[in-house]
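Asks: Have a look at this one before I ask anything.
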C-alpha cells in the first residue's frame, strides 16, 4: 500500500511539473477528451530536420557501403508495390522501388498522410535505390536508405508541407533539398546508431570525494562525486542512481577532445558549452553531444583548485565502446573524465530536465527517512560528509543515505521514471524538441 501511495504521489508531482502553464489552467481539454491535431508548419527551402548533418548519429547515421545486385546485402532491400505511391522509375529497372524495410515503412506511412492532406493527390518517388552511380559519393541512395519525393500533381507549393509530413511520418532526416523535390533518409537496419540512448561508456571515470577516481559503472548510492552547482561552482554531490545502465551493450559514442581532455558520450546526452554574452561574460548552455563542433568551448575541471575552465574543442569523432551508464546526481551534473556534463539527455534544456526529475529526488529523500539504512560506507570507501558543501540549496534535500525507490540494487535498463517522463514528453512536446536518439529502443 505504501509503495502504491508513493507512486501516486510521484505521478502527481510529474504531471504538475511537466505540464505547461497553458495546459494547467483554463477550460483546456479534460482527461479522455479528444486531442486537437497540432498545427503543421511547412519546411522552409533548404531546411533540414533534425538540424544536423545527414550522416551523423543524430540523423540517419553513418554510410555503411554501396549495395549492388551482387552484394550479400542486396537481399535486405525490399520492393515497394504500394498502389498509393507513384514511382518515376526512369531507368525502367524497378530500382526506385527497392529500399530497406525501415525506409519502406516510413514511405508507406507518408503515402497515407499525403492522401489525407490533399485528397486525390498521391506521393511520388523520383529517386530510390541507385545502382548507376548518379549521386554523390557515400550517398544513402546507394544503400536503399534514401528517397527523393514530390506530390503526384508536381505542385511545388505543396513541397514544404510534404517535407513536414515526411518528418511526422518518422523519416530520420528530411531535407528540402531542391525546389523540385524533398530528400528523405533513414537509419540503417539494426544499426547501433538507432539505439544509442543517452549515456557514458562503462570505463568513463568520475572523481570521488576525498581524492581518487572511480569507473562510472562502479558507482553506488552513498558515493559523492565531483559536480557543479547552477553558478558553476564545483562541489561534491550525492550519486543517486543510474537513469540508464547496460553492462554489455556496444554503442557508438561521440568522442569530444580538447588539447588535454577527452569525453565520450552518446549523441542525445547533454554537454555544457560556454556562451559569451554581450557584456563579455560567459554563461552555461546545454547542447546535445551530436551538435558539438570543433571550436566550441566546453568546461574542464581542476579538482585541485576546484575551478572550471572553458577550453576549445579540437576534434569530434565517433567510437564504439562497451557498456552504457547514465548517472544521476543530486545537482544533475557530473564531471566525467574531467569534463563537466549534464546527467540528462533527450531534451536540450538541462534546467527543464532537472526540474522534471525533482519529484524523484524528493521521493528518494523521503524514502531515506522512512527506511533509513546503515550509514557506514561500503568496504574500501572513505566516510562521506553528512551534508553537501551547498546543503542550503534546494537541490540538496538528499543525503548519502539515499536509495532507489525500487531497490538498493537497481536493475539493468532504463529507469521506469525516465521512461515515464519520455512518454509524457512525446505527448506534450513537439517531435523536434526531443532528440531522435534520445531513448534507446529494442528495435530499429
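Using the three backbone atoms N, Cα and C, a Cβ is placed for every residue, glycine included.
Note that this is a predicted model, so its numbers are computed, not measured.
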Asks: Name the residue, out of 91, 138, that Swiss-Prot lists for the same Ca(2+) 2 site as 127, 130, 132, please.
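Replies: Ca(2+) 2 site check in Swiss-Prot: besides 127, 130, 132, the record includes 91 out of 91, 138.
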Asks: In Swiss-Prot, which of 19-25, 26-32, 33-39 is labelled motif 'Cardin-Weintraub'?
Replies: 33-39
Asks: If you count other Cβ atoms within 10 Å of each one's Cβ, which of the recorded positions 148, 183, 198 has the most?
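Replies: It comes out as 198.
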Asks: How many Å separate the Cα atoms of residue 183 (Zn(2+) binding site) and residue 198 (cholesterol glycine ester)?
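Replies: Counting only the Cα atoms, the answer is 28 Å.
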Asks: Would you count the other C-beta atoms found within 10 angstroms of the C-beta of residue 141 (Zn(2+) binding site) for me?
Replies: 24
Asks: Would you list, in sequence order, the residues of this chain other than 141, 148, 183 that have their CB within 8 A of the centroid of the site's CB atoms, where the site is the one recorded for Zn(2+)?
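Replies: Going along the sequence, the neighbours come out as 126, 127, 128, 135, 139, 140, 146, 147, 177, 181, 184, 185.
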Asks: Reported as an integer number of Å, what is the Cα distance between residue 198 (cholesterol glycine ester) and residue 141 (Zn(2+) binding site)?
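Replies: With distance taken Cα to Cα, residue 141 (Zn(2+) binding site) is 29 Å from residue 198 (cholesterol glycine ester).
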Asks: Could you tell me the mean pLDDT the prediction assigns to the repeat '3' (403-409)?
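Replies: Averaged over the repeat '3' (403-409), the predicted model reaches a pLDDT of 41.
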Asks: Please report the three-state DSSP label of residue 198 (cholesterol glycine ester).
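Replies: Note: residue 198 (cholesterol glycine ester) is coil by DSSP, not helix or strand.
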